[in-house]
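Peer 1: Before we start, here is the structure in question, set down as structure tokens.
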Amino acid sequence: MSSATLAEKQSLLAHNKPSKHRSDRYVLVIHGGAGTMSKENSTPEQRAKYKAALSKALQAGHAVLSEGGEAMDAAVAAVSTMEDCPLFNSGKGAVFNVAGKNELETSIMLSKPPASHPHIPSSRRGFGLTLLTHVPNPSKLARALYLAPTAAPHTMLSGAAAEHIGEELGLELVDESYFFTEARWKEHRRGLGLPEEPLPYPAEGSGSLDIPLDQLPTGTVGAVALDVRGCISAVTSTGGRTNKLVGRIGDTPSMAAGFWAEEWPVKSKIRRAWARLTGKSDKLAVGVSGTGDGDYFIRLATASTIGRRMRYLGESVTRASKECVEELRLDGGIGGVIALDNKGHVAMPLNCSGMYRGVIRKDGVPKTAIFDDDELD
């Protein structure tokens, strides 16, 4: 047996050992972008297709969590499912920049190192990637580089250098044509006031149901997962905003702006003593993934501000998330966030007409919504 295989088996054994803080509470919350979708201009078939795609992503992540898997693996499973779906602005469905090219972004962050990879230092925190052009599932590359601190010792990388490291780590690269979808191409051309044809690649023959609800989107896809060990992971992926300038970097790979996860000790001595007495964790934690007009998220450090409000003001995840999304609105930015704490509380506030969103808990029943006045069902 090779030393690498032995180390992997030892890691898995350690990962599956009972923990005094192990819980049967696990939750996954996702979004598929926020912004300009209109209920009046949508069809029942379109809405059903989006809700089915959201449910598929939730079930992919739940399959990991229900087996005791890591939060990061559940979040990546959910996000990569949406990256494979042309309805969402990420991966296969990514929008085009002003030059008619796809430049993808992604990120991952954990509240604490994954139990299955004990060599990851707690200071590692997360990883962001931008200007990707050949990775079909950017979220998988973010995970791979986060787990490779020697190969990628930084907090962010871009373009060909990041993709080269990913290829060395065993990830697949694809031709740029992979990201072409006729609907997104026509959005790009209409946005610039240019003819929609000729197409740069052969038409896919897709029908009207493949036309996205969100026109000229600025959104992303994202997932925040809580596993049975109390670890929270936030994973986000996007094609950016339609007709962005070449080389533009948004909030998705920018730590503290479009994504965040952290853990901190409970302040109260009484609550810490009670946690020790009951065998529960004496830590609080949160994970956040944002979607919308990323430039505003960057200016306001929206994702980390949610965590700071919880940590230093003692606000709930619901209150902190709502306040930060309202702050975006007052500043002129549209969007929303998904946020999750280590008690399983979920927040999904938005300040616009809609945000594809959903949650799944231990019962395995996916609940989804699209528009701002929708209830989860």
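Note that Cβ sites are derived from N, Cα and C of the backbone, with glycine treated the same way.
Just lifted these from TrEMBL, have a look:
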type     : residues                                       : note
ACT_SITE : T220                                           : active site, nucleophile
BINDING  : R248, I249, G250, D251, T291, G292, D293, G294 : substrate binding site
Peer 1: Sorry to bug you, but what's the C-alpha spacing from the residue listed as 'active site, nucleophile' to R248 (substrate binding site), rounded to the closest Å?
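Peer 2: That separation, Cα to Cα, works out to 15 Å.
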Peer 1: Neighbour count, 10 Å Cβ-Cβ cut-off, for the residue listed as 'active site, nucleophile': what number do you get?
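Peer 2: Other Cβ atoms found within 10 Å: 34.
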Peer 1: In this structure, which of the binding-site residues D251, D293 has the fewest other Cβ atoms within 10 Å of its Cβ?
Peer 2: D293
Peer 1: Taking G250, G292, G294 as the binding-site residues to compare, which has the smallest set of other Cβ atoms within 10 Å?
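Peer 2: Least crowded of the binding-site residues G250, G292, G294, by Cβ count within 10 Å, is G250.
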Peer 1: Rank the binding-site residues I249, T291 by the number of other Cβ atoms within 10 Å of each Cβ and report the first-ranked residue.
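Peer 2: Going through I249, T291 one by one, the largest Cβ count within 10 Å is at T291.
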Peer 1: What is the separation, in Å, between the Cα atoms of T291 (substrate binding site) and the residue listed as 'active site, nucleophile'?
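Peer 2: Computed Cα spacing between T291 (substrate binding site) and the residue listed as 'active site, nucleophile' is 5 Å.
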Peer 1: Compared by Cα position, which of the binding-site residues G250, D251, G292, D293, G294 is the closest one to T220 (active site, nucleophile)?
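Peer 2: For T220 (active site, nucleophile), the closest Cα among G250, D251, G292, D293, G294 is found at G292.
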Peer 1: Max Cα distance spanning R248, I249, G250, D251, T291, G292, D293, G294 (substrate binders), Å?
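Peer 2: The span, Cα to Cα at its widest, is 16 Å.
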